[in-house]
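As recorded in TrEMBL:
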{"type": "REGION", "residues": "1-81", "note": "region 'Disordered'"}
{"type": "COMPBIAS", "residues": "27-45", "note": "compositional bias 'Basic and acidic residues'"}
{"type": "REGION", "residues": "95-142", "note": "region 'Disordered'"}
{"type": "COMPBIAS", "residues": "112-129", "note": "compositional bias 'Polar residues'"}
{"type": "TRANSMEM", "residues": "195-214", "note": "transmembrane segment"}
{"type": "DOMAIN", "residues": "248-395", "note": "domain 'SMP-LTD'"}
{"type": "COMPBIAS", "residues": "322-336", "note": "compositional bias 'Basic and acidic residues'"}
{"type": "REGION", "residues": "322-341", "note": "region 'Disordered'"}
{"type": "TRANSMEM", "residues": "376-394", "note": "transmembrane segment"}
Amino acid sequence: MSAQSKTAPGGHYSGKNPIPNIQKFVESLDKDKKERDSKINEQAKSKPVPSSEIRDHKNGQPTGVEGSRKSVTDPTTGREVQIEDVNADFMKAVENPQLSVPNANVGKETPVKTTSDQSGAEYSHNQDITAPPDPVEPNSTSDVPIHGEKTNILFHPTPSVSYEPMYESLEKSTYVLCGGVLISIVVIGRMFGGALYGLIPLGMCISSGIYLWMKELVRKGRDVEWSSEKERGQTVRTSSPSATANLIPESVEWMNTLLGVMWGLIDPDMFVSVADTLEDVMQASVPGVIENVRVAEINQGNNPIRILSLRALPDGHVKEMKDDIRKQSEKTKDPQELAADEEGGDYYNLECSFAYHAQPSGGGASAKAKNMHMQLVFYLGVKGLFGVPLPIFVE
């Protein structure tokens, strides 16, 4: 960010004024998020739920007065429903609310677990028999009181398998292999009378091929890993008849479903202004051999972004942001308007983590068009004389 702040606004991109790097921007966001997560985890560990307040969940606790049940007609649906008067136990549940969580989340032994190495059907079945409403699997859940303070206890964790350690080990082994192949070709070829000007390029080409093969293998592995996590979330949501009643309270799968429906309703014409701006920026930055640049298409495809988590943050985590907003408002608003804005409402800090990852696709253009994509056309030639179109598909 410091390098970007030194550049003049409206200047052309060059070596001194580089194009903003989204990778560095995302890394800075990830670093800030890790710091916030560590602080929240430390606060949660400092205030654990007392073990004396945790009770084993019991199925089928009656909440109505015996003999008071009767059938009435629902005025909305017109169907016969049964109602009854509530008893004192129901009133206790209202005054002292509790949350039923798996024993694994509170450090207790449990006969049923949901782990990342289970199949989608097994994971969904284990969730269904341990999630409310009753009946649930005996000795698998506990009742934890819900106090006024915030809690970080999740009902069901959402496990996902990560192969990042294997990818790192594969990359290190590939680096050693590429270096060994290059040295071996040069040394062995030299022993048999080969010339260095032929052996070195040959070794570099073979080593580069091995390296590119490894990077493509890691990319495909990450695509499959992401697709598996998405499939797990969909399995949890739709694989069981009782999935509607047993959805994870802290899950955002319902938001991903809604986003998937709305994603296809977005009009691609909304990106026309973005395409025009991108054309102007690229036209000012391309070398002289390129006569013209045209953004032929920008489309979001039918693979939406995926919401990973959604949570509220204390005011202390965004104090600097609020201070910056106030400083900017002091420059653009008069004191009376600023005071009215501050007294007229309150802030609610919400953190939404989302990501986008392309679905595994084949080599055809129709398969790749399912993901977010853009088609560029570079016209190679001499400006004013001729231009040869070179279409490039960016996924």
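Cβ from N, Cα, C; glycine included.
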Contact set, same chain, for the transmembrane segment (195-214): CB under 8 Å, 6 or more residues outside the stretch:
170-171, 174-175, 177-179, 181-186, 189
Using DSSP, how many residues of the region 'Disordered' (322-341) fall into helix, strand and coil, respectively?
18 helix, 0 strand, 2 coil
Restricting to the domain 'SMP-LTD' (248-395), what is the model's mean pLDDT?
77
